[in-house]
């Protein structure tokens, strides 16, 4: 009878969550569609209320814990009953809680001062949320043993077990507010991502339409909301949490690998936008005319500049200078090859180390050997990246401002290591569901994005030429 009652409560909670999620998503679509600024203001108020509820849980729970003697920490098994692997497996499952931080970067086009506001907003929000998450976890686990918690309502039931029935309503209200805030924060960046992909030709132009009245991607917002509401209604909470966690961890890992590539082996050539391709062709034609015209046809200044060019060419043709230039070019080529091999060594070493440390069917000696081999590959790649110089092209890549990643290559390598370990600890069912989405994305790219991409017929130029073209275009625009 007790089991049936518990099953009924669990099913009722799931149905309530699905219905609440669908209604909340419908409201969030309406808010993001018509009132972006107003919804941002409301979301700020809701976030402040959520922080107040979490501070109440921390303060009141700490008081109860000192009164009762922290009974949750006195059970057998200690602070980590399932060990470090169990803690990391749980962290991988609830990693979806950190998905809101990438929405700050996804809305970079709508930020007034991105160079200052983006890093400040990401660092501040990440510090506050991590501190609140950890403090709430420490307090709740200390109030009630982990095996005695109600899996549906762990925080409110912890206060109810100590006679604070009124606190249940306060915590439940905070949970509902947090649900609305999380849904709105999750629905905000995805339409912008679809809009950016449609601008690049990877998706139909349908997703890049922006409303002239509200200045938001209306169609992308509607499609995102419909898909999110359907998934929330038909799928379980744990399944959605695993899928979102995999997507977030994969994105963060790809960003970390991209940082290493851009710092050590950035592309030698960059695509030139279609708006500047005319300037590039005109500059090429001018260069050809200068080479083909005689020296005396121009004015005195042009003749002087051509004489200087001849002198420079003759000096470059000197055997000693040619040998030095060839040596520098060879050294740069060797540096790029070494950096590429080091990045590959880091990635392979991380995969071997994390996979061998996570499997349980291998003998202990074999697992240790694989761990040592993977660790050596990882340390060798990290040491080589720390020893060689970074590429000079990183200073001009992108032709715009931004903020740089500190502690390269240590920080990206640690990010790759931790994220890969969390990814491997996720369940096989989660990877199967995510694999279906990845296959769908591959089919979209093969049958549409590959042929409609904006980089299909683009002109690639060297970094030096790109800097010259961007500089000339900006100066001509200033003169105009």
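Every residue gets a Cβ built from N, Cα and C, even glycine.
Any TrEMBL annotation is an automated prediction that lacks curation.
Quick caveat, the model's predicted, so the values are computed rather than measured.
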Which of these ranges is annotated transmembrane segment in TrEMBL: 5-27, 166-188?
166-188
If you look at how TrEMBL annotates this chain, which of 319-338, 339-358 comes out as transmembrane segment?
339-358
Per-residue pLDDT averaged over the domain 'Cationic amino acid transporter C-terminal' (403-453), given as an integer:
89
Surrounding residues of the transmembrane segment (41-66) on its own chain - C-beta under 8 Å, 6+ positions past either end:
31, 128, 132, 135-136, 139-140, 142-143, 155, 158-159, 162, 164, 167, 170-171, 173-174, 177-178, 180-181, 184-185
At a threshold of under 8 Å on Cβ distances, which of 78-99, 339-358, 430-448 pairs most often with the transmembrane segment (240-262)?
78-99
Quick one: find which recorded stretch in 120-146, 166-188, 216-234, 339-358, 430-448 has the most Cβ pairs under 8 Å with the transmembrane segment (78-99).
120-146
Intrachain neighbours beyond the transmembrane segment (430-448), with Cβ under 8 angstroms and 6 or more residues off its ends:
202-204, 239, 242-243, 245-247
